[in-house]
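To keep things clear, I will list the structure first and then write my remarks on it.
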Amino acid sequence: MELWRQCTHWLIQCRVLPPSHRVTWEGAQVCELAQALRDGVLLCQLLNNLLPHAINLREVNLRPQMSQFLCLKNIRTFLSTCCEKFGLKRSELFEAFDLFDVQDFGKVIYTLSALSWTPIAQNKGIMPFPTEDSALGDEDIYSGLSDQIDDTAEEDEDLYDCVENEEAEGDEIYEDLMRSESVPTPPKMTEYDKRCCCLREIQQTEEKYTDTLGSIQQHFMKPLQRFLKPQDMETIFVNIEELLSVHTHFLKELKDALSGPGATMLYQVFIKYKERFLVYGRYCSQVESAIKHLDQVATAREDVQMKLEECSQRANNGRFTLRDLLMVPMQRVLKYHLLLQELVKHTQDTTEKENLRLALDAMRDLAQCVNEVKRDNETLRQITNFQLSIENLDQSLANYGRPKIDGELKITSVERRSKTDRYAFLLDKALLICKRRGDSYDLKASVNLHSFQVRDDSSGERDNKKWSHMFLLIEDQGAQGYELFFKTRELKKKWMEQFEMAISNIYPENATANGHDFQMFSFEETTSCKACQMLLRGTFYQGYRCYRCRAPAHKECLGRVPPCGRQDFSGTMKKDKLHRRAQDKKRNELGLPKMEVCQEYYGIPPPPGAFGPFLRLNPGDIVELTKAEAEHTWWEGRNTATNEVGWFPCNRVRPYVHGPPQDLSVHLWYAGPMERAGAEGILTNRSDGTYLVRQRVKDTAEFAISIKYNVEVKHIKIMTSEGLYRITEKKAFRGLPELVEFYQQNSLKDCFKSLDTTLQFPYKEPERRAINKPPVGSTKYFGTAKARYDFCARDRSELSLKEGDIIKILNKKGQQGWWRGEIYGRIGWFPSNYVEEDYSEYC
């Protein structure tokens, strides 16, 4: 067996790789193992599996998203721990770039083999590799691997299932504390019985939690005051006493509400305390530092360590340490929406259900706020790592916003025309251009993105030539500029997308709507959005604030904030609507020319400032011009595929020419003129997913799709106008083949919520083939959700949503409060409290 396959088997035995990972599949290649290990996360977890707590996972970035800086940091943590705790010699270790750039993957396998033979690893009872009779000559298969590695690949989420989760540890402590003596469950429970159980659980767990806060104060804070300095006490206990005060009052009002008839006033208590629970913002943002400081003090002073053990013994017979108990408040505040969700599920009265939904929304919003504080703490740790590695940096990197992407590139400038190797860090507001010196970086230039724009340049690109893929970074005044070169076309696209996202964060759509001047802003206090009343989340740059009236808002809510300095804007909305209708009518009367998109455009370069929003274009889209001058390079138009209006470079389109009528009879799905009854006769005895497209007999210019789904035949009208075909207003196609091809790959549920299927089997295909053929382009997903609010992505890994969008849920195992989903072919993370799952009423 090849050495890399033996390594794979060993990693599976060490519970690092899932047994079903694609690297184990027939036909798997060594590059798939390299891709799985490149970010260093699994290697760090490997050491912890072999020797518990060998690495503090707080020092590891568990979601590096192929950031070269973070991946290399993880890899170097693995290598240093191999030496310090496993006794490997320096000569047995690979270099960090041997793995990240896959320069010598054979050396990586050699290091893992040496690790497998260490006494610590062998004590686990796992067979090391290679075995004595194994051949070692795998060198040929490792050559050229660096060209096969995909720097733009999405993370394989299943890979991280085995990684330890500190949140799960805190959850176990919480569940242990809240556990009550098991009460026999009646064999048959009514909905009323289940509701009573929910109410009882809410009260009992709140009593235990309040007792826990009291125990921390009584058995730890008071005794430790004589051992610790005031600043140590404040750092370790944060605002525990404030939490205790809030929950003492909350518990009293909770009991009063629960003792009332039917507990109908319970919802008011949660809504009232949402604002008071904002004190958790401070606690959750500082608890990690608190635990770290506690560990440091206990390690440095034996008397404190002994006192902590004594306190723990008195508080709970030594079951839980202070470190354990400090994790509980974070867990409790994240449980309220789950408790209320279950209560809503078993509440029958319509009015009560609606009221409880209000409380549920309030607690979901609070939970999302807490989760974002945790996420921003992780981001700030990442920024700190960047800061410590960059020399000549004269201000805090956090002032530039959140990191977008980092990596190697080549660069030319106005002053220096020859290509220079550089390492760049892109954040929301700035691009930092550095020269790498070993493990540190020397800052050469800081580009303020406020005054720059990006322009694509594909003129010199050749697919087979590295570092030929370039775009321009140009100052608005034209005095300064850079050419940025990337190794591959895919990397260039990834960087351009992140530049587009950064610029859209600085200059968001609707930033000047209703007379406002919205700018990115870091709020010191927890604040609610002026438009939707939901909380602005996180610890820095949580949203936007109007420079004039100081109104706070989410990015996605900017267009809905009342006019600057005025309270009511319903009249403005009405006027805008009437104006829009008049414009549409005028456009139709003029019969302006149509253009076909020949090159995609996603807002880079952005239109000149005075023009307006950009228009997103995809090849094949049809654009109806609204403003166009032959001598101007920027035109305005309406994309008939999306109905959006905006500006775009005129070189991205060409005149639209109606082609000759297509011969549809060549397609296996086309049935010609046919009534509904005829389609039903053909499809009734066929497999689910079998479909046909028919010409409607009553109107030969119209078409329809008939499809077998859930034992019934469904019919979908295809609307035709302006030479385009569509089954929903959201998306249009130039021809029927394009429409059919799209819905072969994308579920019809995006248009019709009860029709969760793709167009799978053309009716002219023999049934035998149709049964064996897997669904085309189907992605494994776990139900769907409907967006309740708009959401604007902040970076490339997030998914923008519009209210009413239907999202396929791919994963719920990411950072708390975030799910991974797919919509319109895009995949990314979105906040779970912005959606309603499976069209149910929260449950």
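In case you wondered, yes, glycine gets a Cβ from its N, Cα and C as well.
Here Swiss-Prot gives zinc finger for one range in the set 15-64, 65-114, 265-314, 515-564: that range is 515-564. Across 194-373, 402-504, 590-658, stretch 402-504 shows the highest tally of CB pairs under 8 A with the domain 'Calponin-homology (CH)' (1-119). For Tyr824 (phosphotyrosine), the number of other Cβ atoms no farther than 10 Å from its own Cβ, over all displayed protein chains, is 13. Taken as a whole, the domain 'DH' (194-373) shows an average pLDDT of 94 in this prediction. Across the zinc finger (515-564), the DSSP tally of helix, strand and coil residues reads 7 helix, 12 strand, 31 coil.
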